[in-house]
Amino acid sequence: MEYSPFLHSLHVVPSSHVRNKLFVFCIMLSLWVYMIYCCVGYCSTVPNLTYSSARRHENDAATDNRDSSLGASRDLLNNENELDSRGDEWDEVRSEAKAVDDSAMSGFLNETESKKLPQAIIIGVKKGGTRALLEFLRLHPDIRAVGAEPHFFDRNYDKGLEWYRELMPKSSEDQLTMEKTPSYFVTREVPSRIYSMSKDTKLIVVVRNPVTRAISDYTQTRSKKPDIPSFETLTFKNISAGLIDTTWSAVQIGMYARHLERWLQFFPMEQLLFVSGERLITDPAGEMARVQDFLGLRRVVTEKYFHFNPTKGFPCLKRPEVNAKPHCLGKTKGRTHPNIDPQVVRTLRDFYKPFNRKFYKMTGHDFGWD
């Protein structure tokens, strides 16, 4: 067989210099593939925020006339999610995206992050201060919370727990997953449904003077429907007799003791925390200390995170680690209430007194509304 330089070259063993280059090239290629994989996995979670929000609004129209937990409710204030909070929800989605951005670097190479069902839920009440509490909690590095209200246990339960889980942000084993939907507290079916998901779920209720809460509820609706009847007209079945209309949801929600009885059929009082909506404004750090203790978290969110805004009338958030302008809640928060006939306010206070006193006894805490 004749000697061939070409064939001979095929059997030449590559030099160590060439092998080193090939080795470095393979490592770099592997790193690039891994980074692309991580980016694709991260980005795939972002559209779920807007998609789930859009899907939820499609279902809201079909469920707006649902009766409340105490019977048929003449609910003229059932537009919170369709009208007033729709603008807020865009703020919530933007806030959610910011929270994702803040934790992106920590989760970029962390394959242990996953979507989990919430271990704690803010279940109420509407116009009590739930949005403020959620925004305060999201400052904590050990909490991951979905911004928009899922309404799973009252409106979307038929979609199943996996649908619900997909709405949640990714979190690590050391982080707590949360959501808030204020209508849960007053919806009859919700306690048993949350218990079926997990009997260990921690429940938070932000409560507020029921008279002030009802006026705030009415104010929210009137800002979108200025032609609705007066607060006085909606409050009474018979104004001359002073007979309160308890079928109106604005009145009905504030009967806290009656709603709480239903929750105590499934959860012990130790698993419920009642946050004062008033103290959340006057002493946000104090209430946040209670909440963080209840959730078993470090007291990270303290006085340095709050800046009181005299124009808004409630505290705004600031990040002490950066010299940035304080962030306040949306323009729909802190509306000026209409002037209500003082006699109507007194009648409502008298109506709520037995409910309030029973609520104080059940919770072991006097909220000072009488």
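Heads up, the Cβ atoms here are built off N, Cα and C, so glycines get one too.
Bear in mind that the values here come from a model prediction, so they are computed numbers and not experimental data.
The transmembrane segment annotation in TrEMBL covers 22-46.
Annotated compositional bias 'Polar residues' per TrEMBL: 68-80, in sequence order.
Summarising the annotation, TrEMBL assigns domain 'Sulfotransferase' to 118-358.
Sequence annotations record features per position, and here TrEMBL assigns 3'-phosphoadenylyl sulfate binding site to Lys127, Gly128, Gly129, Thr130, Arg131, Arg208, Ser216, Lys333, Gly334, Arg335, Thr336, His337.
Around Lys127 (3'-phosphoadenylyl sulfate binding site), taking its Cβ as the centre, 24 other Cβ atoms fall within 10 Å, counting all chains. The active site, for sulfotransferase activity annotation in TrEMBL covers Lys127.
Counting only same-chain residues six or more apart in sequence, the Cβ atoms lying under 8 angstroms from the Cβ of Cys316 (disulfide bond) belong to Phe306, His307, Phe308, Asn309, Pro326, His327, Cys328, Leu329. Residues annotated as disulfide bond in TrEMBL: Cys316-Cys328.
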Task: Around the Cβ of Thr336 (3'-phosphoadenylyl sulfate binding site), the count of other Cβ atoms that are within 10 Å - done: 7
